[in-house]
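**Q** So TrEMBL has the following annotated:
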type	residues	note
COMPBIAS	484-504	compositional bias 'Basic residues'
DOMAIN	25-504	domain 'Major facilitator superfamily (MFS) profile'
REGION	466-504	region 'Disordered'
TRANSMEM	20-46	transmembrane segment
TRANSMEM	66-89	transmembrane segment
TRANSMEM	101-121	transmembrane segment
TRANSMEM	127-144	transmembrane segment
TRANSMEM	165-192	transmembrane segment
TRANSMEM	198-217	transmembrane segment
TRANSMEM	335-352	transmembrane segment
TRANSMEM	358-377	transmembrane segment
TRANSMEM	389-408	transmembrane segment
TRANSMEM	428-448	transmembrane segment
Amino acid sequence: RSEQQGLQVLSALDAAKTQWYHFTAIVVAGMGFFTDAYDLFCISLVTKLLGRIYYTDLSKPDPGTLPPGVAAAVNGVAFCGTLAGQLFFGWLGDKMGRKSVYGMTLILMVICSIGSGLSFAHTPKSVMATLCFFRFWLGFGIGGDYPLSATIMSEYANKKTRGAFIAAVFAMQGFGILAGGIVTLIISVASTGTEADFVWRIILMLGAVPALLTYYWRMKMPETARYTALVAKNAKLAAADMSKVLQVELEDETEKMDEMVSRGANDFGLFSPQFARRHGLHLVGTATTWFLLDIAFYSQNLFQKDIFTSINWIPKARTMSALDEVFRISRAQTLIALCGTVPGYWFTVFLIDVVGRFAIQLMGFFMMTVFMLGLAVPYHHWTTPGNQIGFVVMYAFTFFFANFGPNATTFVVPAEIFPARLRSTCHGISAAAGKAGAMIGAFGFLYAPQLPLRARRGQPAGVHVHLPGAGGQREVAGGDVRRGPGRRGPGTRRRRRAAVHGLV
């Protein structure tokens, strides 16, 4: 803080009026998050289609579903990559600079989005293996976008509206989730049953488009002045870059910078006692809250389709074609995003600098708890005919208060609270803790709830959502109704062709 007060270029940034470059930075950084959300969550829209195409057995009465292990890998492998990317690129952003590393993550996202849709092979197992390979590295690139986008916006913003600007970047995640639903709706309506195998590929590959469109503008942005001055120790370049951005004359402060470097009072590292004393609790707090939030947030997002099927808001798979099922799933998730997810982000944007980070985070956690208990305790009531709409409204409110609450504030706070030379690293650590929570939520939902029940029946462990009134004779595995203890094996070419034509 004393360093920033001593340099004119940083004081000018803090005091700058909101200008066009602020909004340009929001859009350029935010489109990365738009792409991140689209890529991470669009997989939940096509997993049922993947099961019907590659794992249908025509000797069974119900459409195919992904085996539990495959479903876990397809849903969760991107989170593994994201966690690794957040740690690696967060550290690299403090070593090499925000701008140069920013371009690396974008290129990786473009290549792997296209690669995900080109997962061609001869067997279901090899298709899923190549899909998971590209999804992992896609997640690795996405992981880098978290600390870099937050840090860049934090270091470009003025002091008065910094929280709103960082939250606006993160709010683009809501538009990415919404876009995934809308794109899937359009493609599923425009396609025929014979094109089903192309539908999921097109949906995944379209994630490369927004990332590719913003690459030029990302590379055109100058390095942030806080990194250039405080980390690279180049006050002259920082003044020159920000003179162009702010359109004001800033003096060369090289001598003042040299004096600060010679003092070296604040050059402590991440593992030093000084950091532990000054920021240790901050890092524990940002990492813990993000971890706890993402257990609920990501499991809810990824498995909406299973929950909506279990309360009979989406019809059973056997009653509709493959593309009709994709359409209904995307329509339901688009409705939730439009009514709950997106508004929650923008409430945070407009109120975070008024209400404060702590108040919004505490309120969001509390209200999420209230609405989740309101769904869980009288669960049988919500699943009876005529009450499904009430369930969906309550469910949408959990997303609203996640985003007008901890999902946004856990992203904002690490970008503000840590020193410049460790800001990207600490944000990456905090975000990685969140993805560890997301992995627990994703894999836990698939395996934990029915392990004892399925073990007693001699069945493979997997996702199980109980259908009220079914007398325990039916199970929803991967979201589809199925009978009997047998495991579905990979379908033959004849079976897969039947699934592609929408026969199952």
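Positions of Cβ are set from backbone N, Cα and C atoms, glycine also.
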**Q** Apart from its near flanks, which chain residues at least 6 from the ends of the transmembrane segment (389-408) lie with a Cβ under 8 angstroms of it?
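**A** Distal contacts: 167, 170-171, 174, 289-290, 293, 296-297, 300, 307-308, 311, 313, 335-337, 339-345, 347-349, 351-352, 360-361, 363-365, 367-368, 371-372, 374-375, 382-383.
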**Q** Counting Cβ pairs closer than 8 Å, which of 66-89, 101-121, 335-352, 358-377 has the most of them with the transmembrane segment (198-217)?
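**A** Comparing 66-89, 101-121, 335-352, 358-377 against the transmembrane segment (198-217), the winner is 101-121.
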**Q** The transmembrane segment (428-448) vs the transmembrane segment (66-89): three or more C-beta pairs under 8 Å (separation of 6 or more)?
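**A** By the criterion, they touch.
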**Q** Could you tell me what the rest of the chain brings near the transmembrane segment (335-352), counting residues at least six beyond its ends with Cβ under 8 Å?
**A** 163-164, 167-168, 170-171, 173-175, 177-178, 181, 304, 360, 392, 395-405, 407-409, 412
**Q** Quick one: do the transmembrane segment (101-121) and the transmembrane segment (358-377) reach 3+ CB pairs under 8 Å, ignoring pairs fewer than 6 apart in sequence?
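**A** Touching, no - the transmembrane segment (101-121) and the transmembrane segment (358-377) miss the threshold of 3 or more Cβ pairs under 8 Å.
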